[in-house]
Amino acid sequence: WYGIATAHDLEAHDDMTEENLYQKIFASHFGHLAIIFLWTAGNLFHVAWQGNYEQWITNPLKIRPIAHAIWDPHFGESAAKAFSKGNLYPVNFAFSGLYHWWYTIGFRTNQELYFGSLGLILLSSILLFAGWLHLQPKFRPTIAWFKNNESRLNHHLAGLFGTSSLAWTGHLVHVAIPASRGIRVTWGNFLTVPPHPAGLKPFFTGNWVVYAQNPDTSTHIYGTSEGAGTAILTFLGGFHPKSQALWLTDIAHHQLAIAVVFIIAGHMYRTNFGIGHNMKEILDAHRPPGGRLGLGHIGLFETITNSLHMQLGLALAALGVATSLTAQHMYSLTPYAYLSKDFTTEAALYTHHQYIAGFLMIGAFAHGAIFFVRDYDPSRNKNNVLARMLEHKEAIISHLSWVCLFLGFHTLGLYIHNDTVVAFGQPEKQILFEPLFAEYIQAASGKTIYEFNVLLSSSSNPATVAGNQIWLPGWLEAINSTKTDLFLRIGPGDFLVHHAIALGLHTTTLILVKGALDARGSKLMPDKKDFGYSFPCDGPGRGGTCDISAWDAFYLAMFWMLNTIGWVTFYWHWKHMTIWGGNPNQFDESSNYIMGWLRDYLWLNSSPLINGYNPFGMNNLSVW
């Protein structure tokens, strides 16, 4: 472990200067991107070579997508037969959702998958070359270039987010939407197939509403011209009735709006042209008038600019939240055609993204703690928010501790109480909390099942009347549909499990925050910062205290994070299994007490095994 940590701790290497450090990290980004594109090229290549993509798109609901063949010399005849699943040779099924994604964005043939793979391999090669190039003396950026915050922000906002969103809108409008209507747009004809019959005339005459007229009808068969419209930018709301995915024309509209907002945002900061905001001025002006936050954000600009750990921590935290939101939205607002009908893939994608979010969030706190040990300068941050946070750390930690104790005792207490009364045959004595506030929010957004009759769930409300003329019909249909996962019906079981998850989140946060705020020193070890981020014990001739470094807090929090994501994914899976099985009441009844979770979820389908151990089944064949 020490070797791995040391290899990646570039700051601590011999002869490392600040400029050299920035240059090495910058060059490694290109290598990182190259690996990502090479990996995705492999996905495309193996499906094109060994998958069944062209067969799958003829009937996405009935045909199982194949990821790749299995060439395993250890497979005997029975294993080969078991994994062949009706094919000529053993295969691995795909539960990644890639087939659905490629189908939605316009891929239709294996040849196109090969082209995509080849394009990514070329891009990967270019990036590897760029990484090498930026390590050559002539092409190494200077430290001033790396610390030019305003230029970088403008460039990333307008160039990275804005232009790429605009390009993606272009792809959706020119390739994906026509493909969903049975029109093939390829490299051979993309200059001669207009995405809209009216061309660019409505754009230049300001009559933009033309692009929203004549959307696909409710009888549209996805991938064909039957029931297809001509609209390219719409605001229908809800889902395509056949593919159960968001309308592609709605997605294109959304991406275009994001592109416009970000391209404008890319002109926000002041560079060589003397217009726009100055980042330092904005931060220095953040001083609440009551003086409750001392000097506010003064000193933050220099601190963050000069600390790569702080920057990485902020980036990881933002990406962690975004990834968790991706997990949520990918099933509730499914963007890919037919994905919501592939239950295993939905479960796999949700689990995948929640675990990644967990690791990213833990990393954010880890680098925050390293920032306090290595980069924090008390003289530069006198009496600002960072300094005051460190001064108030006892109050922050004890409040968080109180939250954890409250959630732990109350949630477990309710589960145990309910478990006891159910065990004694008196289920009516359970303490069940109806999640009224959450139900109210769902009702206000249009869900009628709770009969709250508020805002959009009331047909006579002004909000509903006004919205019906613009965008609501699709939304109201979707939010009350039993076919989609938009705003699932909730009850006492959901209330309890959400508080259990909150317990896990707050305890993880408590351990991480305490580790970071105590990283520079604690009552037990005032000079902790001199020992670095990770150290085993506080040394001979002292208290003999071990496992108190910031690294140890990060290590312990990792277990709580993994535990919490386990609760999140179990909850998601059981709730959805009962919905998919057509019996959501089972979750509602069994999720309020511990034995319900064990018997009806954890040990589901285990009755042959369990009965193998009852008095009548005690023999060596009973389990089988």
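Note: Cβ is positioned from N, Cα and C throughout, glycine not excepted.
Bear in mind that TrEMBL entries carry predicted annotations, made automatically and left uncurated.
Here the structure is a predicted model, which means the values were calculated and not measured.
According to TrEMBL, the protein carries these features:
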type	residues	note
TRANSMEM	30-49	transmembrane segment
TRANSMEM	113-135	transmembrane segment
TRANSMEM	156-177	transmembrane segment
TRANSMEM	312-333	transmembrane segment
TRANSMEM	353-374	transmembrane segment
TRANSMEM	395-416	transmembrane segment
TRANSMEM	496-517	transmembrane segment
TRANSMEM	553-574	transmembrane segment
Residues outside the transmembrane segment (113-135) whose C-beta sits under 8 Å from one of its C-beta atoms, at least 6 past its ends, are 23-24, 26-31, 33-35, 37-38, 40-42, 44-45, 47-48, 53, 102, 107, 141
Restricting to CB pairs under 8 Å, which listed stretch, 30-49, 496-517, 553-574, is in contact most with the transmembrane segment (353-374)? 553-574
At a C-beta cut-off of under 8 Å, are there same-chain residues at least 6 beyond the transmembrane segment (553-574) that contact it? List them, or none. 347, 350-351, 354-355, 358-359, 361-362, 365-366, 369, 497, 500-501, 504-505, 507-508, 511-512, 514-516, 518, 587, 591, 597, 600-602
Looking only at residues six or more beyond either end of the transmembrane segment (496-517), which have a C-beta under 8 A from one in the stretch? 362, 365-366, 368-369, 372, 389-390, 393, 396-397, 400-401, 403-404, 407-408, 410-411, 414-415, 433, 435, 550-554, 556-557, 560-561, 563-564, 567-568, 571, 591-592
